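What follows is one structure encoded as structure tokens, with my remarks underneath.
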Amino acid sequence: MTEYLLLLVSTVLINNFVLVKFLGLCPFMGVSGKLETAVGMGLATTFVMTLASASSYLMEHYILIPLNIAYLRTLAFILVIAVVVQFTEMVIRKSSPTLYRLLGIFLPLITTNCAVLGVALLSINERHNFIQSIIYGFGAAAGFSLVLILFAAMRERLVAADVPTPFRGVSIAMVTAGLMSLAFMGFTGLIKI
């Protein structure tokens, strides 16, 4: 049980996909303009990454390895992720049309989010079992969502702040992201492995 908790905490805080592995930067910068959109994108991505991680494990161990076609791993994982994203899109369209409109083009783009493919590939490369794969996927997604929501809240505050003209827009967003990354570096000594 402790092993699973350590995996979750280290994936969320210490090895954060956005701030440490630099995966998922496109939605991180693109959807973080409004807090409401960031929360919706975080929830959708959490669902997709967790389900994609579990599905990729099953695809790897029950189809690719037994058929000796592991060289098709990336293509197979992209197809699995596309199916999961389409399912998520249908659920969001039915349950929350407002959120569906707010997310706009970013919802189908979850398919090409490198963090989603990255969690599937890294989980296989780190030789996680099925439970660890689900926890790793959820932890990576929770870390992504945490950083996305915090960054969106800061960007909303920056709109009202008196930022010098040369730093407005993307410039101050990049500086803020860098400061967030430095803050998360403080968690590095939290877990000794």
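Residue numbers in this text run from 1 along the chain shown.
Cβ coordinates are placed from backbone N, Cα and C, and glycine is handled just like the others.
The transmembrane segment feature in Swiss-Prot is assigned to 5-25, 39-59, 63-83, 102-122, 134-154, 171-191; the stated evidence is sequence analysis.
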Top stretch among 5-25, 134-154, 171-191 for CB pairs under 8 A with the transmembrane segment (39-59)? 134-154
Hey, which bits of the same chain come close to the transmembrane segment (5-25), Cβ under 8 Å, at least six residues off its ends? 45, 113-116, 118-119, 132, 135-136, 138-140, 142-144, 146-148, 177, 180-181, 184, 187-188, 190-191, 193
